[in-house]
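> Can you read through this structure? Questions will come right after.
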2 protein chains.
Amino acid sequence: MKYDKEINGLKNWIVAEEDFCQEYLGKFESIMYQGNGYLGIRACTEETYPGEVRNTFISGTYNKFHPSEVTELPNAADVIGIDIYINGKKMNLMEGNFKNYSRYLNLKNGELVRNFIWLGPSGEEVEFTFKRLVSLANYHLVAQEVLIKPLSKPVQLKLKSGINGQMTNSGVQHFFEGEKRLYDGKYLNFIQTTIESNIHFVINSTHSFFKNNEYYEPESIILMDRRKIFFEFNDKIEVGQELVLNKLSTFHTSRDKELEKLSLKEIILESLKELREESKKRYNQLLMESEEKWEKEVWSQGPIEILSTDGFDQLAIRFAQYHLRIMTPFHDNRMSVGAKGLSGEGYKGHVFWDTEIFILPYYIYTYPDKARLLLEYRYFTLDGARKKAKENGYEGAMYPWESAWKDDGEVTPVWGAADIVTGEATKIWSGFIEQHISADISYAIWQYYQITGDEDFLIKYGYEMLFEIAKFWASRVEWNEEKGRYEIKGVIGPDEYKEHVDNNAFTNYMAKFAISIAIDCYNSLREKVDQKVFDELNEKIKIDDWIEKWIDVQRKIYLPKPNENLVIPQDDTYLQKEVIDLTKYKNQQQVGSIFRDYNLAQVNQIQVTKQADVIILLYLLEHYFSKDVKKANWDYYEPKTLHDSSLSLSTHCIIANDLGEKELAYQLFKKAAQIDLGPNMKSSDHGIHAASIGGIWQCVVNGFGGVRIIDGKLRIQPSLPENWSKLKFVIYYQGDKLSIEITKDKVMIEKLTNRNREIEILNNQQFYLLKDKLVLKI
Amino acid sequence: MKYDKEINGLKNWIVAEEDFCQEYLGKFESIMYQGNGYLGIRACTEETYPGEVRNTFISGTYNKFHPSEVTELPNAADVIGIDIYINGKKMNLMEGNFKNYSRYLNLKNGELVRNFIWLGPSGEEVEFTFKRLVSLANYHLVAQEVLIKPLSKPVQLKLKSGINGQMTNSGVQHFFEGEKRLYDGKYLNFIQTTIESNIHFVINSTHSFFKNNEYYEPESIILMDRRKIFFEFNDKIEVGQELVLNKLSTFHTSRDKELEKLSLKEIILESLKELREESKKRYNQLLMESEEKWEKEVWSQGPIEILSTDGFDQLAIRFAQYHLRIMTPFHDNRMSVGAKGLSGEGYKGHVFWDTEIFILPYYIYTYPDKARLLLEYRYFTLDGARKKAKENGYEGAMYPWESAWKDDGEVTPVWGAADIVTGEATKIWSGFIEQHISADISYAIWQYYQITGDEDFLIKYGYEMLFEIAKFWASRVEWNEEKGRYEIKGVIGPDEYKEHVDNNAFTNYMAKFAISIAIDCYNSLREKVDQKVFDELNEKIKIDDWIEKWIDVQRKIYLPKPNENLVIPQDDTYLQKEVIDLTKYKNQQQVGSIFRDYNLAQVNQIQVTKQADVIILLYLLEHYFSKDVKKANWDYYEPKTLHDSSLSLSTHCIIANDLGEKELAYQLFKKAAQIDLGPNMKSSDHGIHAASIGGIWQCVVNGFGGVRIIDGKLRIQPSLPENWSKLKFVIYYQGDKLSIEITKDKVMIEKLTNRNREIEILNNQQFYLLKDKLVLKI
């Protein structure tokens, strides 16, 4: 891993690898993956290696292989792979026969470049350069450029390149094979259709060759194999010549919003037309077009500047912004972000609370119109949530722990890793009882509304979701007659190492929060907003029938209070469980190392926490808790938290910073950033950690930058790490764009939009008014 | 490739590879594959490489992935793969970091052995030996032994080994995942079930470790992944120590005859019981048990001795016998031999005429009781053949060109390779119109009966098939009023480069033969054999209604006669087609090279033949044709035959030998043997060539050995190649076992069985009587 590579004057924009190592393919395939929210392609090499995972995903195209398995994003046909033979020898790097190797991902324009000199068995020296992009200018387009230059002697070249539909998801084939065809002697066309959801994928590829910058056609033959269509090209290259191949490929599916109504035949024609158009351009022009979009959509709209003694910090936030962009399906509000983005098979492309709690804040503050689309996704799946509630004997909307397409409902797999004691697969309970997701969605809607003021969203989608979620919680709580309170029994909180617990603090507090919001909305909708909206909603989902119950539950729901040591019990029994020495399992490269010694039933009996649980409650509902309580719980829970989920470190970073533990907070930030960008070469094999990448941004803006919404008010109270001299970023607030520049001793807030209004800003428990510019001392 | 390796005094028994080459993995995976007719496992290495094809097949377990695709043998979970880490580095050989490499297959006992010294990056020298067998003593059992010996310094060893169900058939997943479990802390258990045919596969593995020959248990942990269950073992090995791993695995399916009636649970218990029993033995004992079976079942029953100046010839016939044994499912008459045996995905495990015409003769002459099982398979699929006839508007039994399970009917895929002119996939017509298969089966039944005299088979199965096939042909022929003859129009003959031809000579002659046999059987059954059998059959399939039609067709069917040059027209138009220079396409490493220049429609218009067509007719019905006619047709067709099918060379070898072209015949024998065993490193990638391997035996015994059935009589008229001084083999004839020893000047025939009867033997058109021993001059 190289973090300080400079390309064309770009510094802290480049993630680079300086040596080839076949054992760490997965790491780079994931962190250097490319995409645009529609399409995601792992950074596999053109040549193949054992252990590679060659994935191409298209957002939202879920398919279920068999009724006994859960739906997942299917791995589409591969267009990246190219077999290259030099004088009959298949080029690969495992034999160590290369020099001057480098590969890098340019975060600024999303281009992946690989360059090396290959040393052949007969003294051949051939320089290879591979360039690749997944276009942000045309979501359907993948462009590759391959440059081959013999340095020592002329070489006979053979290339096999085309479309390879033999790909699977770790052995699961989601497609049946459709037609494969060559059009106009030039355009390879391959159809594959998902076996259960019946989505057609239309994939095209075309090749153009240039020598000495002149277009030419080498000897070629079209070949087909099972689920494969490809060309074999044969050519001789002289020393001094450079062969340039431009391979352009397009992906379209019958699930695409704009193609939904077309027949397969029409989609094929449409896609071929598009490829014909695009293939009039050369690779560099396509790169330029995509680069412009990156600049316009991402970097100029949400620039973040970190002046640190360690350039890695600036790189880390750009890495986060790059990945946040490519993982998010902005083109279609029927989709949301998978826990691994589009970077790997991990979590099957399913959507978790990761989106609302860890990723959404970035969009709410930086691209509020995009944030709205992600929340609309939850409206799209509302009927599924209603169905899940009904199936479980509840009312309203019970959101699935893992979510996929509209009707899929709950898609959490039921069986997981081996139980080391019984030898059987462990049952995964999250899909049944990890219920806080429904409150998390209310929280996110409310956060979105508070920051954007988007009343239209509430009316069209938000109110209905908030009310349905409140109904769920009101039907979910159980009345404890003896104690005169409502309780929530038998759940899993964020800490998944504790199953079937009663009154998980996080769940109870968040459930109450969700109900409170619903009550507030009920009142304001009824009294202030719009009687018509209220009447329509009431007609549709009968909120009048629920308001009394909500108020009752809100008043009487049990919230675990800090004990005599100010510690909030994570649940009813946590504090009574055994305390063991966790040193062996903390700070392990390998997450879940405790399961090498204990099975889940045993871990359930120990005071050990997988990930921020009480701690994230202290963050999300921070104004509910005093600083003393925060400190006491930090001291109690941090040592017991293994951070065996990537959702944990960023929250701990923010809380540490809040508590004045600046050095520790900075370390935790680094660790969070290093989950993917760090030296652990195995942690990203199944894909990047989407929530953790959202967390990097949260550490920077919500943590060090101190930007929060407290009780509906914008608070800005920064506290930079020691070695940061400046942090500058923009946020949107209630329709205004603010630039925030933080240095050691002051924060300068500037309103970039020209609307004549003042914004209240909370700092050090005082309110200040921002008109055009505001400078606060730190 | 090394053909003269000697192991433990075994010469011409060893197929060896002396260097590792990742590009030629497929070759050795196929030709060194192991099996027992029930199970076939490609010779993949324990470590994985790009381009490897890791196949495990169980005979007869066909499954159809999707209605749009044809059924095939599914690739079961892999047990062979073991990831080996030495001091954290994953062992593989692509880096060229090894010495003293050798791998060999011992044909005598079916053991595969690999040995080398691996050179690690930190100066490690570690000797690895891998041994493996698929047991002939217990069809369900696979045993592996791995020996690891550090030579230079102690090493930290990590092994990941278990059962990997992520395997596919080139991307097609035929199974859904069932339970995976560890029993008794020791027995890995994995269930997979075919998605359409619903066959359960129960796979178990267990590991035992020995150090200094003492059993011990290294540190281990049980792990599961998607469709995977495996152990991770960790251990340190000192210099001077040798770690020995014995991994035993079993495969059982719910299609197994003896398990068919059991529940899945019962099969699991049964299979675990079996593995527990087997795992009491060490690898060497299991090898001994299997070796004994090889000796008893194969080598002592059907020994063939070739004294040649080139030891390759002896090796080649043993190679053939080895492969014939492992490809043939003797355990179950509901199955037959796939065109690639159990060695690869090629032809999807389907059964062609290859079995009856190229493989069956070996069994009829050498293991007649086994031959019967293969013919019973055709009885098992008779209903499917009746269905196919009906669907096509014919009567009787129209056998599928490609055959799989009972009800599957025709399973030839409909789409093939790319048409280089239109860019579309080429339609495969064989399943529709390559109809000679039905006559080939009659031919095989009759050959079996003539050689064995097995009346019981005819009564139980044979007559019914013969009559049903005759019905088909009688309904298939078309009356040509003008010419006053029956014709067969619109077929494909053995030469698949000619589609939709009329009156293919091979097809017409063979159809007439099939009808003639049926008439003979009708008469003899009615007059001589058993009235009850006749009545029952007549009741069941109404043969009385057909006899007149058969006689009419037999009399009036058009048989293309030799023309003025004595050339038999391959079909009505072949001789009028264009003649081109075929030099470029003959003797190419790559079969089908003509399709690089012409598409199939164009090839149809050229006098070019894919494989023996008229020539094989001259062989199968040799007494119909004079020597002059044979010579004329040889001279005409041989130069036009590209041998683009592996079914071609052995027939040409035999005919060349018949025509006295001894040197050419020997060359053709070598070429036929080299299809798999030769230097073409790519020809066997998709599996061995079962028919060609049967052809090797035919060249030796029917060709050089001169053993044939002519009009129901045993003819023995040898003609050895120049550099063979002796050929000795045994055959069965009418229940007697004969030893035949051929030298330059005489043939000595000895009756090994002690039945008091004389056998008529035809030689040089004279009959001799064999009582105990007979010596004929050559």
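Note that the numbers count up from 1, one per residue, in the order the chain is shown.
Cβ coordinates come from backbone N, Cα and C, glycine included.
Bear in mind that TrEMBL entries carry predicted annotations, made automatically and left uncurated.
So TrEMBL lists the following for this protein:
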DOMAIN    B:17-255  domain 'Glycoside hydrolase family 65 N-terminal'
DOMAIN    B:318-698  domain 'Glycoside hydrolase family 65 central catalytic'
BINDING   B:Trp353, B:Asp354, B:Lys610, B:Gln611  substrate binding site
ACT_SITE  B:Glu496  active site, proton donor
DOMAIN    B:708-762  domain 'Glycoside hydrolase family 65 C-terminal'
> Cβ-Cβ under 8 Å from B:Trp353 (substrate binding site), same chain, 6 or more residues apart: which ones?
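Listed in sequence order, they are B:His436, B:Ile437, B:Asp440, B:Ile441.
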> How many Å separate the Cα atoms of B:Glu496 (active site, proton donor) and B:Lys610 (substrate binding site)?
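About 6 Å separates the two Cα atoms.
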> In sequence order, what residues of the same chain, 6+ apart, have a Cβ less than 8 Å from the Cβ of B:Gln611 (substrate binding site)?
B:Pro494, B:Asp495, B:Glu496, B:Thr641, B:Leu642, B:His643, B:Asp644, B:Ser645, B:Leu647, B:Ser648
> Other than B:Trp353, B:Asp354, B:Lys610, B:Gln611, which residues of the chain come within 8 Å of the substrate site, judged by Cβ distance to the Cβ centroid of those residues?
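The answer, listed by sequence position, is B:Phe352, B:Pro494, B:Glu496, B:Ala612, B:Ser645, B:Leu647, B:Ser648, B:Ala691.
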> Given the recorded positions B:Asp354, B:Glu496, which one is most crowded in terms of C-beta atoms within 10 angstroms?
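Selected residue: B:Asp354.
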> Could you give me three numbers for the domain 'Glycoside hydrolase family 65 C-terminal' (B:708-762), the DSSP helix, strand and coil residue counts?
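Within the domain 'Glycoside hydrolase family 65 C-terminal' (B:708-762) the tally stands at 0 helix, 35 strand, 20 coil.
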> Please give the substrate site's span as the largest CA-CA distance among B:Trp353, B:Asp354, B:Lys610, B:Gln611, to the nearest whole angstrom.
16
> What does DSSP say about B:Gln611 (substrate binding site): helix, strand or coil?
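DSSP assigns B:Gln611 (substrate binding site) to coil.
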> What does DSSP say about B:Asp354 (substrate binding site): helix, strand or coil?
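Going by the DSSP assignment, B:Asp354 (substrate binding site) falls within a helical segment, counted as helix.
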> Mean pLDDT for the domain 'Glycoside hydrolase family 65 N-terminal' (B:17-255), as a whole number?
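Across the residues of the domain 'Glycoside hydrolase family 65 N-terminal' (B:17-255) the model's pLDDT averages 96 on the 0 to 100 scale.
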> In sequence order, what residues of the same chain, 6+ apart, have a Cβ less than 8 Å from the Cβ of B:Lys610 (substrate binding site)?
B:Pro494, B:Asp495, B:Glu496, B:Tyr497, B:Thr641, B:Leu642, B:Asp644, B:Ser645, B:Ser648
